[in-house]
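What TrEMBL records for this protein:
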DOMAIN    296-359  domain 'MIR'
DOMAIN    370-427  domain 'MIR'
DOMAIN    431-491  domain 'MIR'
TRANSMEM  68-88  transmembrane segment
TRANSMEM  100-120  transmembrane segment
TRANSMEM  154-174  transmembrane segment
TRANSMEM  186-219  transmembrane segment
TRANSMEM  240-261  transmembrane segment
TRANSMEM  575-597  transmembrane segment
TRANSMEM  609-627  transmembrane segment
TRANSMEM  639-659  transmembrane segment
TRANSMEM  671-691  transmembrane segment
Amino acid sequence: MLGFLKEPVVVTAKINVNLVALTVMGLISRLWGLCYPRAVVFDEVYYGQFVSLYMKRIFFVDDSGPPFGHMLLALGGYLGGFDGNFLWNRIGAEYSMNVPVWSLRLLPALAGALCVPLAYQILAELHFSHCAALGAALLILLENSLITQSRFMLLESILIFFILLAVLSYLKFYNLQKHSAFSGSWWFWLLLTGVACSCAVGVKYMGLFTYMLLLAIAGLHFWHMIGDQNLSNVSLVCHFLARGLALIIIPMGMYLSFFYVHLTLLYRSGPHDQIMTSAFQASLEGGLARITQGQPLEVAYGSQITLRNVLGKPMQCWLHSHTNTYPIRYENGRGSSHQQQVTCYPFKDVNNWWIVKDPGMQQLVVSNPPRPVRHGHIVQLVHGITTRYLNTHDVAAPLSPHSQEVSCYIDYNISMPAQNLWRVEIVNRESDTDVWKTILSEVRFIHVNTSAVLKLSGASLPEWGYRQLEVVGEKLSKGFHQSMVWNVEEHRYGKSQEQKEREVELHSPTQMDISKNLSFMAKFTELQWKILTLKNEDTEHKYSSSALDWITMDTNIAYWLHPTSGAQIHLLGNVAIWASANAAALVYLCLSLWYLLRRRRKIYDIPEDAWQLWVSAGAICGGGWAVNYLPFFLMEKTLFLYHYLPALTFQILLIPVVLQHLSDHLCRSVLLKSMFSALIVAWFSSVYFVYCTFSPVSYGQPALSLTELKALRWKDTWNILIRKQ
């Protein structure tokens, strides 16, 4: 039984020394001196704020994209023991001792380092030579812009890592297709493709471009499979379902999981949640939740409520009134009703409270049991402090003469009767018998007499209106808009019929015991919509650029400047690599057109397998460049040079593809091959020379003299910082 012990247990392993060496070099190039500078570098001032909010569990919204990349940066802070206490207020601010700089920058640096071996493997999986694959990896290794971007708390290197991982995983899966379909390895690489794609999209929406490219390639490959008579219908269905599961269902599930973790971690109220709906705010700990938690759910006759406009633009505000009246005549000579002003006020105030009254009864308290208000019911809204009724009539609004004035009615006995009946229309109702609910229901108020809708116009009233926002009655024919929709934010059941007692009640906090929690999908839908639609004011940045500037690298970005010496960090590319990448793309395009024209004439210059290799490499490398670059011409946003880095990475991969093709198929004699090899050696030497020349401004050290800094300004458009003596 124990005979197997007579022989030693031997484990053999194949180690790709090239791959190991490239990984080590990548780690050294990205991790060396990672803590330098110990100061805020460019967009670290932006992402650092979100890391601090994660550490403190405070909710935020970032309109730049999904939360997965932010969570990875926060993971670095968590592993380093960061407590979130640092004021990210300016570039160049020195980090305090509680900030784990190395830990915060570690994950982007690791991602940037691993892009080097990934580039090697992608070219190998495309069936190019190991020499070409090695060249691709070395070009990624020596690209100064990729080095700079990966050494700080930024997201581009993480995005590029997941993009390249997705491409590599799909290529490995595809190469296993013919001889190992549905094997363990086949499933692993297919599933990893979907996971990597979802991670790329979860870091930045730019990852969606590569994801769509891979879906298109996968669809084309499956289309070719349909024509394979050796595959049965059942087998084709299984292949289709496997791809649908791995490339669509799993990425969608993972994308949702990013938001689930994000919302689970950020459960506390903060400054960003004010742009969310009242229901969302009430689901967060503190803030509005502290005020509204446990309010009555169903609005009843006699309820005391505040009404928040759903639009939230130009700012969040609540339906409001006060004792002041509209001026008898406006500045332009047009007359008003001189009724009590009704506005939308952007602050919490006792004058925001209204009482929901049954038109057929005089009481302003909730009966026992309460009589809930339902969709379609007619109500009167009584201002809590002044006890005047919300009213609109055929008088032009102060700033919107095409709309009706909204007021609280004052009886001047001048043949202008009260018109204060409003029909409640629940916009997000499930049935026509739905009850009007606190926070959850979004309602419109339709004026019974004129069919006008209570609406926030958004215009600021003059001094006589205290610069508050105008509220008008808008005709239904104008269509639907969120400015017409309101929701109850604060709510209590009124108990005091006497005015003085009621005023005391309105000044007191709400106290009930019913909670209102949003489901995850409701919160996800709202947050996703805010991310996609929320736009910061686009301001021209000193280092912003156009997409045309990127190809020739006519722009740069100054990331950091030492406060006393000439040490500085710039996002600058390796000029030799960028020029070579552009040349390779142009050569590939011209050769492809030439081959296509010749093949149309039944002239085949290269073997069919070489042609297929040429096309597949172009689809991955050239297609990756196109989908990650061309969409920026359609975007209305402030653009920076780092937006080009994913496209540049694919373009760099195209360089060894073109070089090997030229060597194999155009250099037909031994002499030509030798000369071509010598040119490649000279070219690569120039790449290394440029890398060494610009490494001081890629790493920020050593500090350069004034003369050395001026010598680095190879283009007049580069903004190399020269300190005044």
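The backbone N, Cα and C atoms fix where each Cβ goes, glycine too.
Contacts between the transmembrane segment (68-88) and the transmembrane segment (609-627): absent, as fewer than 3 C-beta pairs lie under 8 angstroms at sequence separation of six or more.
Beyond the ends of the transmembrane segment (671-691), by six or more residues, the same chain brings 135, 138-139, 142-144, 574-577, 580, 659, 662-663 to within a C-beta distance below 8 angstroms of the stretch. The stretch in 575-597, 609-627, 639-659 that contributes the largest number of Cβ pairs under 8 Å to the transmembrane segment (154-174) is 639-659. Tallying C-beta pairs under 8 angstroms between the transmembrane segment (639-659) and each of 100-120, 186-219, 575-597, 609-627 places 609-627 first.
Residues of the domain 'MIR' (431-491) grouped by DSSP class, helix first, strand second and coil last, total 9 helix, 29 strand, 23 coil. In the domain 'MIR' (370-427), helix, strand and coil residues by DSSP number 0 helix, 26 strand, 32 coil. For the domain 'MIR' (296-359), the DSSP-based tally of helix, strand and coil residues reads 3 helix, 30 strand, 31 coil. Residues 64-69, 72, 155-156, 158-159, 162-163, 165-167, 169-170, 172-173, 176-177, 180, 242-243, 246-248, 250-252, 254-255, 258, 619-620, 623-624, 627-628, 631, 643, 646 of the same chain, all 6+ positions outside the transmembrane segment (186-219), place their C-beta atoms under 8 angstroms from a C-beta of that stretch.
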